[in-house]
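First comes the structure, then the notes that go with it.
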Amino acid sequence: MAKQEYKQLPKRAEVHSATEQFKDTIKTSLGLDLFKGLGLTIKEFFSPSVTIHYPMEQLPLSPRYRAVHHLQRLLDSGSERCIGCGLCEKICTSNCIRIITHKGEDNRKKIDSYTINLGRCIYCGLCAEVCPELAIVMGNRFENASTQRSQYGSKSEFLTSEQDAKNCSHAEFLGFGAVSPNYNERMQATPLDYVQEPSKEESKEESPTSPESHKGDENV
């Protein structure tokens, strides 16, 4: 290992007399360092402010932000999207989703109760990813502080209003859990996508020779 050599800086001359102290003070006060600091201060003073007055003002959130869930309805009809498959309950790593269903007269599952314990939820978004009907999605409401547990996780709090769904007052959800508009372009190719099928000319060259050519080889 190479030996490191350290360069020693010259020691600062000691100031003894009052005249030397005065000169050192003037040099330090009127040096370039002072003007550099003043220039930076003036620049920041006239720069636009980035401070917002929360909660009256809020910064825009990403559409794929993961916060309190939303239960979606079908547009126009207003029916609930959830079919009671229970995939969100099974994949939940924090075990905070609880679904109680029963079989209706049409042999379809009917939802009796759907609760989410927001006190245990880690907002990972797995429930939104696994939902086949885009029934549960991640919203952007992060202000959910409360003094009572009973205010956490009621279905009426998550579910989109039926009137808004019938009037189509809200667009189709494009946040976390939904398919991106340009997902085909962003989809990564698999190794099998690079395998090219052989052309007709290559397949003819690789095909086995005819029986007559084998007979000719045997006679030779």
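Glycine too: its Cβ is placed from the backbone N, Cα and C atoms.
Among C124, C131, only C131 appears in Swiss-Prot as part of the [4Fe-4S] cluster 1 site alongside C82, C85, C88. In this structure, the C-alpha atom of C88 ([4Fe-4S] cluster 1 binding site) lies 4 angstrom from that of C127 ([4Fe-4S] cluster 2 binding site). In terms of C-alpha distance, the listed binding-site residues C92, C121, C124, C127 place C127 closest to C82 ([4Fe-4S] cluster 1 binding site). Averaged over the domain '4Fe-4S ferredoxin-type 2' (112-141), the predicted model reaches a pLDDT of 89. Annotation for C85 ([4Fe-4S] cluster 1 binding site): same-chain Cβ neighbours under 8 Å, separated by at least 6 residues, are K109, P132.
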